[in-house]
Amino acid sequence: MFKTIVRRVLIMLPQIFFVSILIFMLAQLMPGDPFYGNLNPNSDVATIERMRHAAGLDLPWYEQYVRWVVNVFHGDFGTSYTVNKGVAVSEIIGQRIWPTVSMGIIATILTYFFAMSQALISARNENKRIDKFLVVWNTLTSAVPSFVFYFVMMVLFVYVIPIFPSSGTGIDETQGFFTNFFGNLYHAFLPALTIALFSTNSVFQYLRSNLLDQQAQDYVRTARAKGVQIKDVFRKHILRNAFLPIASGIGYSITGVLGGAMFAETVFGYPGLGALFVQALSGRDYTIITALMLLQGILSLFGGLLSDIISAWVDPRIRVK
Amino acid sequence: MAEKLLEANDVSVDFRINNEYLKAISGINLTINRGKVLALVGESGSGKSTFATSIMGLHNPEYTKVSGSIKVAGKELVGLSEKEFDDYRGVSVGMIFQDPLSSLNPLMKIGDQIAEAITVHDKNNPEVKNRVRTLLNDVGIDEEKRVADQYPHQLSGGMRQRVMIAIALANEPDLIIADEPTTALDAIIQAQILELIKDIQKKKDAGVLLITHNLDVVSELADDVAVMYAGQIVEKGSVEQIFENPKHPYTRSLLKADPNNVRPGEELYSIPGTVPSLAEMDFNKDSFLQRVPWLDEKVVNADVPEQMEEVEPGHFVRGTAWKDFSFDDVNRNED
């Protein structure tokens, strides 16, 4: 298993290289540059050219790319143009990454907890009232646009029943670890819960139909013939088999929380990487955009690896020696 | 008087389909004594597995109604609650299934799957590990330690079926149900598995209900034979009686359609038509006669008496059509 992981990581290196070129070129393709719309309307063309030259934006893309890669290897992603002018990108991301990670972890745990418990209840009570209710509820949440759902939750739990804060991450550099931990938990919970409620539906529907499929398998009959009670058959045999196809998606969903949090972070005023990305996009902040996209690209590759590891852990048939 | 391990009296099973109960099997009377093998033969769809499933209590009670009386080792099964069934399954009766790959949980080690059969009835049995090894030895697996640690996909088909047999034997049941135990295996492995079942049955002096459509398997293992068609038993008797003196048209057709009974160059007989579906079944008539086009209509449509006729001691036949039935008529009609 260890060898496989090392091999997979080595294969990832050229992949990361291609991803970086792709990301850099995409950023170049965006119309305009960071100085557009941020300049004094009275500045003359020469001033703009001087600024572009100072930033290296007048060079051909491949030279810009090489400069960028060399800097990235030194941990230097450049400085922000518009979002937080003059501050190093690595510093901005460093500040923003933990709130997103913590929210992502809570959201993923809640998602799978909701999906698994609902799917089990549904499958155990197929076609009964509770099953029909859960199916309808999950169809409903998948039919509502996510941001609408986010606003409803925001209004409900911040204004109508004010039990959660309306913005912020609850992280304060001057405070100790525990204050920050619980402060962040308090601030991250509502957006995480909302994301979880919303993204439960796809896992739920998938898991429910898998559970029903697995229930009809021969090995279930064998277990019943041994005298195992139906609820134990679900717990020991069916659930794990039904979970197999989903396990391969968990890795992606863990690393995918960064991208998926854009709407939620913006709506809930939770300044993490998702919100940063939205700001950077509208401000054409190249350095931040490329850095975030590179991060996302690398994370996706690791997500794939993580998924493979999880699948192999759950399913002995795909374990590689 | 031999000990009766299975006594089925007037067993019927009805399935609920679109809020309507349809009878799948009707009026089954069968007995298996200790140390005996009863083979239940018939085409797919004749109700063999439906009957076996009702002995295991594995029908979904919401969609199925089992009536009559099924006694295993003297214990009445019809009307048991789910809880009572859970305690009974795997203890008094063990079952071997057709496809050993799909019948084993792909994600669980062999040893754990066998151990589960023991611990589910005896939670804190300290001897489980040893018992699993002994069981694996009993079914002819020598490298029991290694196999116990493997997963089903790492074993061959024959090994997997041996494991299934070990699971069925885990609690030393008096009655073993083998539902097409060799159908999914190749010929050489089939012979080995049959040998194994025979050995175990002899050693444990157990009763076996063998479900099969393979007449070779029947002659190899069985003491008694019951032939089933369209949810009813049409003929039963000892192996010798059935094979050497078959009476019912269906039994005779089955034997005639057996490749072993055909001389080289001769065309193999095939029974025309198929088993009727549940909705078409008429339990007062002999449904099989519909598939004998050369028989007289009066014979085909005649009502069949409820009691089977005893043509010789221990040899029972359903209906009277056998008296009018002959294969020679086919040729006469065609000429």
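Cβ from N, Cα, C; glycine included.
TrEMBL entries are annotated by machine, without manual review.
Summarising the annotation, TrEMBL assigns transmembrane segment to A:9-30, A:97-121, A:133-164, A:184-204, A:242-268, A:288-314. Sequence annotations record features per position, and here TrEMBL assigns domain 'ABC transmembrane type-1' to A:97-307.
Cβ atoms under 8 Å from those of the transmembrane segment (A:242-268) belong to residues 100-101, 103-105, 107-108, 111-112, 116, 119, 146-147, 150-151, 154, 166-167, 190-191, 194-195, 199, 203, 206-207, 210-211, 213-214, 274-275, 277-278, 295-296, 299-300, 302-311, 314-315 of the same chain, restricted to positions at least 6 beyond its ends. For the transmembrane segment (A:9-30), the partner stretch with the highest count of Cβ pairs under 8 angstroms, out of A:97-121, A:184-204, A:288-314, is A:288-314. Using a cut-off of 8 Å between Cβ atoms, the transmembrane segment (A:97-121) and the transmembrane segment (A:184-204) share at least three residue pairs, counting only pairs 6 or more apart in sequence. Non-local neighbours of the transmembrane segment (A:133-164) in the same chain are 118, 121-122, 186-187, 189-191, 193-194, 197-198, 200-202, 204-205, 208, 263-264, 267-268; each lies 6+ residues outside the stretch with a CB under 8 Å from one of its CB atoms.
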